[in-house]
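Structure first, commentary second.
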Amino acid sequence: MTSIEPTHTGKKVIVGMSGGVDSSVSAYLLMQQGYQVEGLFMKNWEEDDNNEYCAAAEDLKDAQAVCDKLGIKLHTVNFAAEYWDNVFEYFLAEYKAGRTPNPDIMCNKEIKFKAFLEFADEILDADYIAMGHYVRRRDNSDGSTQMLRGVDGNKDQSYFLYTLSHEQVARSLFPVGELEKHQVREIAKEMGLITHDKKDSTGICFIGERKFTEFLRTYLPAQPGNIETPEGEVIGTHQGLMYHTLGQRKGLGIGGMKNSNDDPWYVVDKDLERNVLIVGQGGHHPRLMSTGMTVNQLHWVDRTGPVDGCHITVKTRYRQQDVPCTLTYTDEHTLRVVFDEPVAAVTPGQSAVFYDGEVCLGGGIIDQLIRG
C-alpha cells in the first residue's frame, strides 16, 4: 500500500472507536497523515440483558485490540445519561405521537458530535475529532466548510449527519469518506487489524438484535385498534400505531382476504384520532403516494439555506435515490416541498435531507404530507 506523506504533525485528533472496521481504519489513516491520534470509546446505553452486555463488551475489546495494534491510547467515556435524556426520550415521545423518528440522526447531533466533541475538547485537549462515517468535508478558499456525500454511494451517511453545524464539520475529519467500503476492509486486513472482517452493525444501537416491537412494548403500553381499508372496512386489529410505519408490508397479519386481489397489503395511513391503521393493496396505492410535504425544524449546515423557489434534490429516507424537488419557504422554520414526481411512503417524523449535487445542505423533520 502506498504510504501517505505526513502533513499534520502535532495536531491532536480524538477518534471515536466503536470496535468496527471503519473507525479502526480512520485511526490508521490519520496516523499516516501525521496526526497525533488517540481513541475514545463511548458507552451510550446501559445494557438491560446479557446479550447486549456481551455485544458492548466485545466492541470495547475489539477497539482496545486495534488501539494496541496501532500503538495509541484508548480512553472510555459513559454518555448513557446524556443519551437517555437527549435521544431515547425523544425517540419514545415521537413514537407515542404516532410519528417514526430516526434516533441515529439525533445520536449524531447530541452525542457523537456534541457530547463527544465537548469531552474531547475539555478533557483530552483535541484539535479535531474523527468518526468512521462515509462523508467528506470540503474546505473552501473563502474559509467556509461544506459536507459532501461519501465517495461510496452505497455507504454514504450524509443523510444521518445533516444536523451538524458548520463549526462541527470544521472540527471533524472523515478519512474513510474518501474510500469505497471494500478499500477500507482491504486496508484493515493489510494492517492486521482484528476488525477487518467484522460485520457492520445494523439497526438502532439500543435495540441491538432484539425484535423492535418487543423492545417498544417494554416502554410504551399497547394501544389496540382496528385495521381498516381506505373505504372503511374493518379487516383486522393492531396492537398499537407506534409499531407500524407507512409503507410497511410485513407483520400486518391480514393475508388471504376475501374479495381482495393477490397484491400485498401495505400501511398507507394512520388515523391518530380514531387509533386506526389504514392499509391498501399494492406498493403504489394512491394513499401511499405524496406529491410533496411540509418540513419543519430546519437546519442548514452552512447556516444560510437554499434560496426560496430553488430546484434541488431531497432524500426522505436513507439509501433512497435523490428526488428532484422545488422548495418554498412558508416561514423561516418551515418549507413546502413539491416533488417533480410522486413519491411513495414519505413518513412524518423522518428526516428530509437536501442536496445540491455532492453537497449536503441540511434538512428538517417531515411534518405533513401533500397528496393529489
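Placed from the backbone N, Cα and C atoms, the Cβ positions cover glycine too.
Because the structure is a prediction, the values reported are computed rather than measured.
Annotation for M42 (ATP binding site): spatial neighbours G16, S18, T76, V77, N78, F79, I111, K112, F116, criterion Cβ-Cβ under 8 Å with sequence separation of six or more. Marked as ATP binding site by Swiss-Prot: G16, M17, S18, G19, G20, V21, D22, S23, M42, G132.
When secondary structure is read from DSSP and collapsed to three states, C107 (active site, nucleophile) falls in the helix class. The active site, nucleophile annotation in Swiss-Prot covers C107.
In the structure as shown, the Cβ atom of C107 (active site, nucleophile) sits within 10 Å of 25 other Cβ atoms. Annotated disulfide bond per Swiss-Prot: C107-C205, in sequence order.
According to Swiss-Prot, the site 'Interaction with tRNA' annotation covers H133 (among others). In the three-state DSSP assignment, the secondary structure recorded for H133 (site 'Interaction with tRNA') is coil.
Of all Cβ atoms in the shown protein chains, 17 besides its own fall within 10 Å of the Cβ of C205 (disulfide bond). Annotation source Swiss-Prot lists active site, cysteine persulfide intermediate at C205.
Residues annotated as site 'Interaction with tRNA' in Swiss-Prot, with sequence analysis given as evidence: Q350 (among others). Q350 (site 'Interaction with tRNA'): 23 other CB atoms within 10 A of its CB, across all protein chains.
Put simply, Q350 (site 'Interaction with tRNA') is 26 Å from D22 (ATP binding site) when counted between their Cα atoms. Here the candidates are the recorded positions G20, C107, H133, Q350, and by Cα distance the one nearest C205 (disulfide bond) turns out to be C107. Nearest neighbour of H133 (site 'Interaction with tRNA') by Cα distance, taken over the recorded positions G20, C107, Q350: G20. D22 (ATP binding site) falls within a helical segment according to DSSP.
In three-state terms derived from DSSP, C205 (disulfide bond) belongs to neither a helical nor a strand segment and is classed as coil. When the record's ATP-binding residues G16, M17, S18, G19, G20, V21, D22, S23, M42, G132 are compared pairwise by CA position, the greatest distance found is 16 Å.
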